[in-house]
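Peer 1: Below: one structure in C-alpha cells.
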4 protein chains.
Amino acid sequence: MTQIKNIGLYTSGGDAPGMNAAIRAVVRTALYYDIAVTGIIRGYEGMIRGDFVPMHRKSVSNIVQRGGTILKTARSEQFKTAEGRKIAYENLKKNNIDALIAIGGDGTFTGAKIFGQEFDIPVLGLPGTIDNDLAGTDFTIGYDTAINTVVDAVDKIRDTAESHDRLFIVEVMGRDSGLIALRTGIAAGAEAILIPENKTGMAGLFDRLENGRKDKTSRIIIAAEGDDAGGAFEIGRIITEKFPHYDTRVSILGHIQRGGKPTCMDRVLASRVGVAAVEALRDGRSGEMVGVIHNEISYTPFDHAIKHSHEINAKFLKIVEILSL
Amino acid sequence: MTQIKNIGLYTSGGDAPGMNAAIRAVVRTALYYDIAVTGIIRGYEGMIRGDFVPMHRKSVSNIVQRGGTILKTARSEQFKTAEGRKIAYENLKKNNIDALIAIGGDGTFTGAKIFGQEFDIPVLGLPGTIDNDLAGTDFTIGYDTAINTVVDAVDKIRDTAESHDRLFIVEVMGRDSGLIALRTGIAAGAEAILIPENKTGMAGLFDRLENGRKDKTSRIIIAAEGDDAGGAFEIGRIITEKFPHYDTRVSILGHIQRGGKPTCMDRVLASRVGVAAVEALRDGRSGEMVGVIHNEISYTPFDHAIKHSHEINAKFLKIVEILSL
Amino acid sequence: MTQIKNIGLYTSGGDAPGMNAAIRAVVRTALYYDIAVTGIIRGYEGMIRGDFVPMHRKSVSNIVQRGGTILKTARSEQFKTAEGRKIAYENLKKNNIDALIAIGGDGTFTGAKIFGQEFDIPVLGLPGTIDNDLAGTDFTIGYDTAINTVVDAVDKIRDTAESHDRLFIVEVMGRDSGLIALRTGIAAGAEAILIPENKTGMAGLFDRLENGRKDKTSRIIIAAEGDDAGGAFEIGRIITEKFPHYDTRVSILGHIQRGGKPTCMDRVLASRVGVAAVEALRDGRSGEMVGVIHNEISYTPFDHAIKHSHEINAKFLKIVEILSL
Amino acid sequence: MTQIKNIGLYTSGGDAPGMNAAIRAVVRTALYYDIAVTGIIRGYEGMIRGDFVPMHRKSVSNIVQRGGTILKTARSEQFKTAEGRKIAYENLKKNNIDALIAIGGDGTFTGAKIFGQEFDIPVLGLPGTIDNDLAGTDFTIGYDTAINTVVDAVDKIRDTAESHDRLFIVEVMGRDSGLIALRTGIAAGAEAILIPENKTGMAGLFDRLENGRKDKTSRIIIAAEGDDAGGAFEIGRIITEKFPHYDTRVSILGHIQRGGKPTCMDRVLASRVGVAAVEALRDGRSGEMVGVIHNEISYTPFDHAIKHSHEINAKFLKIVEILSL
C-alpha cells in the first residue's frame, strides 16, 4: 500500500457530462481512505498558476447530476514546455500534492504521461470525453449523454422533416471519429451516416437517393464533422445540386452536445472509475488510464489509451443500411 | 346555428409543436357535434391537388403529444394565383367540404383571407407558429414549446461556457421578431439579447463588455436571427475583433426549435382554440383567427391578426440588464 | 422613494421550481439599486433562530435553472406564537434588516401579513407554489413546471396503458384545488378528471365507462388528491368493483411534481416579480403579493391573495369531455 | 440457409421502451431479405385468437422513438394449456407463419421454449424487459431507459429533499432483482440502497443513520420493490419510528418507469438484436435468445436465459457506501 496523502485532481480538454460525477467519486473515495484532495482549477494552466483549492465532502455535494466541470478546464501552451512543467511540479510540491488524477482525453493523457515520466509523482487518468475515442475503456465518460442529446435533437428535427417532406443533414461531433454518428445514426433511424472512417459514404448515399424508394418523403443523414465530404454545409450543397427535387436542409448541432445532465450510465461509469483510481493510487499504480472493459475495471498505459483504433464495426454500417429501407 | 356538414382542416407554413393537438381538438369536437372532418394534406398545395383524407376519431388518437403535423405542410406558389385558388375551391366543392379551419401563421391567414373573400365558404384560423408574432392571441401554439427548447439548449451550452470561461453567442429563431430571444434571454440568464426591435443592442453589449464586471468569466448572448447585426457569426466576428481576450463561440440552434413534444400549455391552448373554432363555425363566424386573450377565447379578423405589433415590452430588456449584473 | 438598506429574503412552505430564479432576481435587483440582501434560511424558523447569510451577486450564480430553493424551507410552530414572532423581529433588527420579501403560498403570506401588522417593517410576497391557488396572479411560480412534469409522466404511463389495454388512475397534486388536474387532464388526453370543485365527477365517469365507446381499449383518468372520492386507490377499488372487465391500475405521482428544472415561463415569471418586488419596496409598498395579471405586474393585499376562488372554468371540464370522445 | 417465408412477430410480458425499435428492426430486416412479417397482436393471446396483421415497411415508420409496443401485450392463461397452444399453432399454420420472434422476458421465453419444443417451428427471442434480469445479454432492451427515468425522478425528488431537509425512501421496480436499484442508487447519489439480494441492507442503513455524519440534512434511500423489508411504506414506518427526528417521506415511482422514449443505447441494442434475430433464423437457429455480450451478438438457449443469476456485484454496494459519505 503506497502512502498517498494528498491527491491533486484536475479536468482538462473539452468538458464532458459526468466529469463532475467523477470529481465527486475521487473526492469522496479519497476522504474515505483518509487522503486529502486538492482541486486544481483549469487543468495544466492552474497547475502552473498554482490555482489550487482544498476539496471537502461538501465541495462535491449535489454535483453528480450537473454537466460541465466545477474544476473548469483550459488549454495551456506553457505546459507544453519543459519549463512550464517544472513550475507546475514545484507548485505541487509546495502544496504537498503527492499524486495526480487527471480527467480528460488524448491531450490530457499526453500531458499526464510526459509529466509522470519527468517527475517523481504517480499520475492516473480517467476517460472524460464525449468522443469515446480512447482505447482501454468500452465507453468514455460523457459519450452516453452526448449520444442521447444528439438523438433527442434528431427526434425534434424529424418532426419538421416529416411535416415538410425534407431531407436533413445533421452534423454531429467527431473530428476524427464516427463513433457518435454511428450509434446515433442507428438510433435516430437515419437514412445514411457519413463518417471519416468510411470513404465510400457519399457514393453510397448518392446511390440510395438515386435508386432507392421514391415514396419516402423525408430523410435524415447524420454526418460526423470530420467526414471527408467537408462538413454538413458542403454536403448540403452537393446534394442540392445533384438532387434538386429534395428540399434539403442543414443542421449543425454544435455545442449543445457537450452539456447537460449526465445519463445514469455516465454517472455510474464516472463513479466506478473515480473510486477505482483512488484505490489504484493506493495500490501503487501510475501512468495508466482507469477504464471499464466488459464491465470490469481495467488499467491501460497512457501511451496505449490515446492510440485508439479507428476501426469501425462494419456491421453497424450495415444495420443503418438495412433499417433505413 | 349554421349547418356545417364537413370541415376541411389543414396546416400550413412552418410546423409548430401543438399543431397535432389542435388537429385532434378540431376533429373530436366536430365529431361531437356530428360534423365530418376532411384532412387536407400539405395545406393549400393539397387543396389544389385534391389530397384529402377523411378524419375519424382514431385518426387523431395518440397524437396530442407529438411534434410536427400529421397533415403535413408545404408552400404553394399556385395558390397565390386566382386560377390555383379556383381549382382548390372546386376540389372542396366536389368533396362536399363546406367550411375550413386553417392552422398556421401570417402566410396561412393571408391565403385564408383572400380565399374566404373570393369564395362562399366560411374560414377560421388557429394560431400555429413558434414565433408568437400574431395579434389576437396572447400566445401562439408552439411558442411555449420553442422557448423551452431554447432554454434547455442554452442550459447545456452554459455548462461548457462555464467550464471553459467562454462567451457564447446563441442564435435563436425570429426573423422579424425578438419574442423568442426576449423570454429565453431572461430565462437563460443571458448577459444581453440582440433583437430586431432594439437598434442599440450591440452598442449596449459593447459597453457591458468594456465596462462591466471583470470577474465574470462566462457569458451568454442571445441573438434573434433577424437582428441588425447580421447574424450570430457576424456578431461573433465583431466581438472577437474588439474583445480578443474573450474566448468567443457561436451556436446556431436552428431547426431543433421547431420540433419536440408540445408543452402542457401549448396542448391546452391548442385544445381550447380547436374546440372553440368548431363551435364558432357553428355560430356562423368566418374570416377570423381564434385565439386566447387574457385567458378568454377571442376572435380576430385575419387582417388584424397578421399585423402584429413590433413593440417590445421595454421592461423585459431592463430585466435582462439588471439580472445579468 | 423609501430608503431600504437591507432586504431579508426567505422561502417558506412547499418548495416550487422557479423559487431560485426568484431569489436570483431579488438579489441582483437589490444590488443593482445598492440595497443589501440577507438570506434567511428555512423561512420563519430561520428568522427565529437567526439563521442569516449575506447574499452576493455570486450567491445566485447558476441557480436560475435549478429546482428547489437554496434558502431552504421549513415549518415553524413557534412563529405562530406572538412570542416567536417577537424573537424573529428582534433578530431582524439586530441584523439591520429593514424590509422583507417572502416567497411562498397561503401559509407564507398569512405569516407575512400578521408579521407586517405587528411590527414596523415592510413585507412583500412572491407567489411561489406549484398549486396556482392564489388570487392576484394568473399563475404562481412553479405551476407551469409542475403541470409539465405531470404531463410528461402521464405520457409515459400512456405507453403502458396502450400496450396493455389498461385503465389508469393517475393522482396528481391538489388537496383543495383541481387546477393541476384540469390543465394536465386536457393536455394528457385524459378520459376524465376528478377534482374537489366538481361534485359529479365520479357519476359522470361511471356513465362514460358504462355507456361510452366500447372500442376504446385504454383510458387515463386524472384525479386531484383532494377529490371527494377519497384518493386514487379508493377510486381504483370502486372502478375495479363496478367495471371488473377493465384492467385498472393506480399511479400516484407524488413528490416528483415539486422538483425539476423550472420551465421558461416559470423563470420569466419569477424574474419579473422578483425585480418588481424590490422596486415596489423602494416605492414604499408593503403587505402585498406581487403577481402578474394579464401580462402586467399587479399588487394584491395578502388578505385577498390567499382567498383564491375555488371556481373552475366550466368550459375546461367540457373540453375534457369532448376531446376524450 | 433455412428458407423462412413469413415470420410471426410478437411482444409479450410487461412493455419496455425499445420494443418498438426492435419491432422495426425485425420488420425491416426481414423485408430486406425478402421475408414477410406478420404482427401478432397481444402476444400469445393474439396467437390463439388469430389476431394477425401483415407488417410493411411503413408499418414501422416513425416508431423507433416511441415507448410501449405497437403490437400490444397481454397475459394469456389459455396458452399455458396444451390445448391453447394447439389452437395457436394451427392459427400460425393457417396464416403460413413458419417462424417466430418473441420480444419479452422470463414468461415470454418460457412460453416460447415449450411452444418450440411441442411444434415444428423455429422460435427466437429478443430480451425486452426493463428488469435486466436475463442471462445471455449484458443489458435487456428497456433497462437503460428505465434507469434514466428513475434517475430523472430522483433528481427531482432531491430538489425537495434538500429544500426541506428530508429523508426520502424511493421505491423502484425490481420484484426479484436489485439491478435497477443498484445503478440508479449510485447515479442518484443515494445514501443507501435496499435490494432483495442483500439481506443486511436495513441493518447497514440503521447503522449509518445512527452513527453517520450528523450534518447531512437530506438523504435519499433507493429501495427495490422486492426488498425483504416489505416495501417503501413499511421501511418508511420503521425509520420514522426509530429515527423520529428525520422528516421521512416515501415515493413510489411505479408505472412511469416502463414508459417513455427509449434512450440511444436501448434503440441501438434493439436494432442490433432485431437484425441479428432475422439473420439467425435464416441461419437455422432456434430456441435461443439473441443478446449482446461484450459488444458482440450472442445466442443463449431459452432455458439458460431465464435462469439469470441473482448475484450482485458487491463492489457496487461498496461504491454506494463510499460515495454517500
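The backbone N, Cα and C atoms fix where each Cβ goes, glycine too.
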Peer 1: Per TrEMBL, which one of C:Arg49, C:Arg158, C:Arg249, C:Arg258 shares the ADP site with C:Arg24, C:Ala25, C:Val26, C:Val27, C:Arg28, C:Gly189, C:Ala190, C:Glu191, C:Lys216, C:Thr217, C:Ser218?
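Peer 2: Record source TrEMBL; matching candidate: C:Arg158.
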Peer 1: According to TrEMBL, C:Thr129, C:Ile130, C:Asp131, C:Met173, C:Gly174, C:Arg175, C:Glu225, C:Arg249, C:His255, C:Ile256, C:Gln257, C:Arg258 bind substrate; which one of C:Arg166, C:Arg219 is annotated to that same site?
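Peer 2: Looking at C:Arg166, C:Arg219, the one TrEMBL places in the substrate site next to C:Thr129, C:Ile130, C:Asp131, C:Met173, C:Gly174, C:Arg175, C:Glu225, C:Arg249, C:His255, C:Ile256, C:Gln257, C:Arg258 is C:Arg166.
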Peer 1: Report the candidate from C:Gly8, C:Gly14, C:Gly178, C:Gly185 that shares the ATP site with C:Arg75, C:Ser76, C:Gly105, C:Asp106, C:Gly107, C:Thr108, as recorded in TrEMBL.
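Peer 2: The record-listed residue among the candidates is C:Gly14.
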Peer 1: Out of the binding-site residues C:Arg24, C:Arg28, C:Thr129, give me the one sitting nearest to C:Ser76 (ATP binding site) by CA distance.
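Peer 2: Closest candidate to C:Ser76 (ATP binding site), judged by Cα separation, is C:Thr129.
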Peer 1: If you average the pLDDT over the domain 'Phosphofructokinase' (C:6-281), what number do you get?
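Peer 2: Summing pLDDT over the domain 'Phosphofructokinase' (C:6-281) and dividing by its length gives 95.
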Peer 1: Near C:Ser76 (ATP binding site), how many other Cβ atoms are within 10 Å of its Cβ?
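Peer 2: Result for C:Ser76 (ATP binding site): 21 neighbouring Cβ atoms inside 10 Å.
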Peer 1: Express in Å, rounded to the nearest integer, the largest CA to CA distance found among the ATP-binding residues C:Gly14, C:Arg75, C:Ser76, C:Gly105, C:Asp106, C:Gly107, C:Thr108 named in the record.
Peer 2: 15
Peer 1: Taking the Cβ of C:Val26 (ADP binding site) as reference, which residues of that chain separated by at least 6 in sequence fall under 8 Å from it?
Peer 2: C:Ile7, C:Leu9, C:Val37, C:Ile101, C:Leu126, C:Gly274, C:Ala277, C:Val278
Peer 1: If you count, for each of the binding-site residues C:Gly14, C:Gly105, C:Gly107, C:Gly189, the other Cβ atoms lying within 10 Å of its Cβ, which residue has the minimum?
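Peer 2: If we count Cβ atoms within 10 Å for the binding-site residues C:Gly14, C:Gly105, C:Gly107, C:Gly189, the smallest count is at C:Gly107.
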Peer 1: What Cα-Cα separation, expressed in whole Å, is found between C:Arg249 (substrate binding site) and C:Thr217 (ADP binding site)?
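Peer 2: With the alpha carbons as reference points, the distance is 14 Å.
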Peer 1: Where does C:Arg249 (substrate binding site) sit by DSSP, helix, strand or coil?
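Peer 2: Note: C:Arg249 (substrate binding site) is in a strand by DSSP.
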Peer 1: Per DSSP, to which secondary structure element type does C:Met173 (substrate binding site) belong, with helix, strand and coil as the options?
Peer 2: coil
Peer 1: Counting every protein chain present, what is the number of Cβ atoms, excluding its own, within 10 Å of the Cβ of C:Glu191 (ADP binding site)?
Peer 2: 23
Peer 1: So which of these binding-site residues, C:Asp106, C:Gly107, C:Gly189, C:Arg249, C:Ile256, C:Arg258, get their C-beta under 8 angstroms from chain D?
Peer 2: C:Arg249, C:Ile256, C:Arg258
